[in-house]
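Report on the following structure.
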Protein chains: 2
Amino acid sequence: MDLKRSPLALHFPDMPDIDGVTLRTVNAGYKDWERADLTFVELCDGTTAAGVFTQSACPSSEVELGRQHIKQGAARALVVNAGNANAFTGYRGREAVEQIMAQIAEGIGCAPETVFVSSTGVIGVPLPKDAAKAGVTAALTAPPCSWEDAAKAISTTDTFAKGATATAIVQGKTISISAIIKGSGMIAPDMATMLGYIFTDAAVDPAFLQQLLNDSNGKTFSCITVDSDTSTSDTVLAFATGKAGNAPLVSFDSEGADAFAAAFHDVCRQLAQLVVRDGEGAQKLIAITVTGADSDESARKIGLSIANSPLVKTAVAGEDANWGRVVMAVGKAGEPADRDTLSIGFGGHWAARNGQPVDDFDEAPLARHLKGQEITIEVDIGLSTGRATVWTCDLTNGYIAINADYRS
Amino acid sequence: MDLKRSPLALHFPDMPDIDGVTLRTVNAGYKDWERADLTFVELCDGTTAAGVFTQSACPSSEVELGRQHIKQGAARALVVNAGNANAFTGYRGREAVEQIMAQIAEGIGCAPETVFVSSTGVIGVPLPKDAAKAGVTAALTAPPCSWEDAAKAISTTDTFAKGATATAIVQGKTISISAIIKGSGMIAPDMATMLGYIFTDAAVDPAFLQQLLNDSNGKTFSCITVDSDTSTSDTVLAFATGKAGNAPLVSFDSEGADAFAAAFHDVCRQLAQLVVRDGEGAQKLIAITVTGADSDESARKIGLSIANSPLVKTAVAGEDANWGRVVMAVGKAGEPADRDTLSIGFGGHWAARNGQPVDDFDEAPLARHLKGQEITIEVDIGLSTGRATVWTCDLTNGYIAINADYRS
């Protein structure tokens, strides 16, 4: 199956190297292909780490082990396997992950618990240990590669390589953040897996790094949806090498912490939106902003109810400012709402206010907005001050074609 | 837009009249069409009633008033308007409903609180009072019609008329149940609305009738999903005329209550499945049975997580026994599950057992099953004894065509 580049794709950005981070990729042959499919990232001694993982009750061994190891807050290496998710593979899958950790630990001289592994691709097939072993052996001495090479090597059916970067001034020093992510492209019987990796040369205490990642996750990665499905392997890891030489950031009271947090959050937001831009069959990027909700969390839930509604997503695909479907999605969210204070708009134009269609409604500006590639939906609940923005894409025949018509 | 009859359609059954129930339909002209669009059901004095309504936080006035009036447990009339849902229409919509109630009450000599009204169709446009008034006037003296006529008159974009019937022996007397329902067909900017009406000549205490409806609702109407979206108008009402002459059923201790409950439940199950059979674009009916869950409710939630997963539904459309996507949907349900005790099958054949693909797996019988029209998915969680069956349909290009390509 030949996947066309998403019409919402962005060019890969010019991203700075991060001191203390070395990227390498090799072909381990997880599938019968020539492309690089094993990415090995070596991190300097002293690198701190934080992570968020899928909430699936059926996670992969990679996620189970990663969740354990991240508690120590330290990392020396990351290995990403593409082409095989190694999920639902029982003890054989776990052995393959432990083998990779042991081999890297021996190769660079570190504790196996500081090696993080992710896998993405077909499920139900144990990761082949022989291929992994030969791949890791080659990766340990492979030449360094670029961010874009690594972004391509971690991808499966993504239609474009995804990277994001930002800088901040911390204690008078310029610190950099460079990050790559793979998104929700998938081919039967593969599963959507979002794998994101954020690297910075700032010195950041691991507990504070985890706090920042949790905060940003709640407003970025947890605010996107393509089709409401959640993978068994979703993972975002953040690594801070400390090579920039700043005094470690331990809390928001640390000098420069605000600037770092803003840059970190901006990178997370960019990464999350890139995933939506590569949603299967996506023709339009949809940003849904909910205001006036009972709380920010309530606003997020209402936003996701709208973003996950097939009826709303198909209406946007059909360029139809169908506010009735938005009312429906607000109503079913299970959150406080009042029909008679509810207002709904598209592209900054209200279609309904306080529970009734706008008098003398002019659909023309909404229709023009819906013809564009970046759509906004505004929902005011009219109850309180809670707000959130979530992102999704439209639902088109392309989604059906990728997920139904194509057979494994 | 010409909607083709669903390939999963069933013939309208031969349904007995219910003593005490008179059906009439007329053309009120809610849209520019010739078909009957106002259904008036007169119920004899002494009819008891029960109802379940949408949980949407943004319901229509019909739902708000129905929810209030059902508490009295008595009904004398039902009016169903097709072509206009009268939802999100503020005080003007409410006035139209109150006008219908008052007019019927005067016409047949009953309290307005014993008149139930439902509306389905376009939203955001107040139900035209003039059309409703002329329609009700005509309906009060119209000749009686058949169940199938009424089933057609309450429908909007359903592709076939839906009815179900059952009988039971209660205290030596044959009691009958006849019911009609309209389903989830919809055209932009209309909304899916499930409206179901169950009529019986049995004498049933209203509190017991409500108990039976709640119980059956939990295992039938609440166990179906087409696209996870919930309408602002969903309503199921049950009416018992008492004309069969049995001693009123007041609880499961009443003689014949078990037999009546079984017939009542069977009718609810038939109605619920008919709605799924007319899901937009449906090519296959999918029954998902979850066993071994922590509780029956947990099993139902896991079943709905699978039934609502676009990835599972597109896999069935593509006739792909993609158990990996079922694992994913179990994992995201937010219910107790353990990867290593999870088993998944299609058509009675296991694909994975206890967290691993079946050894020497033979896909041929699963592939044959997936080519059929009625698909079963079996999921054993392996934790406890909770179980549930839910029903859905596959997700095809037809759904996109109906909801996106067609413009209002």
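Numbers here mean position along the shown chain, with the first residue as 1.
Glycine residues also receive a Cβ, built from the backbone N, Cα and C atoms like all the rest.
Note: TrEMBL annotation is automatic and uncurated.
Straight from TrEMBL, the features:
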ACT_SITE  B:T193  active site, nucleophile
BINDING   B:T156, B:K182, B:T193, B:E280, B:N403, B:S408  substrate binding site
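The local packing around B:N403 (substrate binding site), expressed as other Cβ atoms within 10 Å of its Cβ over all shown chains, amounts to 27.
You'll find the Cα of B:K182 (substrate binding site) roughly 8 Å from the Cα of the residue listed as 'active site, nucleophile'.
Cα to Cα, B:N403 (substrate binding site) and B:T193 (active site, nucleophile) are separated by 15 Å. Each residue contributes its Cα atom, and for B:E280 (substrate binding site) and the residue listed as 'active site, nucleophile' those atoms are 13 Å apart. Annotation for the recorded positions B:T156, B:T193: lowest Cβ count within 10 Å of the residue's own Cβ, B:T156. Each residue contributes its Cα atom, and for B:T156 (substrate binding site) and B:T193 (active site, nucleophile) these two points are 9 Å apart.
Proximity to chain A (CB-CB distance below 8 Å) holds for B:N403 among the recorded positions B:T156, B:K182, B:T193, B:E280, B:N403. Under the three-state DSSP scheme, B:K182 (substrate binding site) falls in the strand class. All protein chains considered, the CB of B:E280 (substrate binding site) has 28 other CB atoms within 10 Å.
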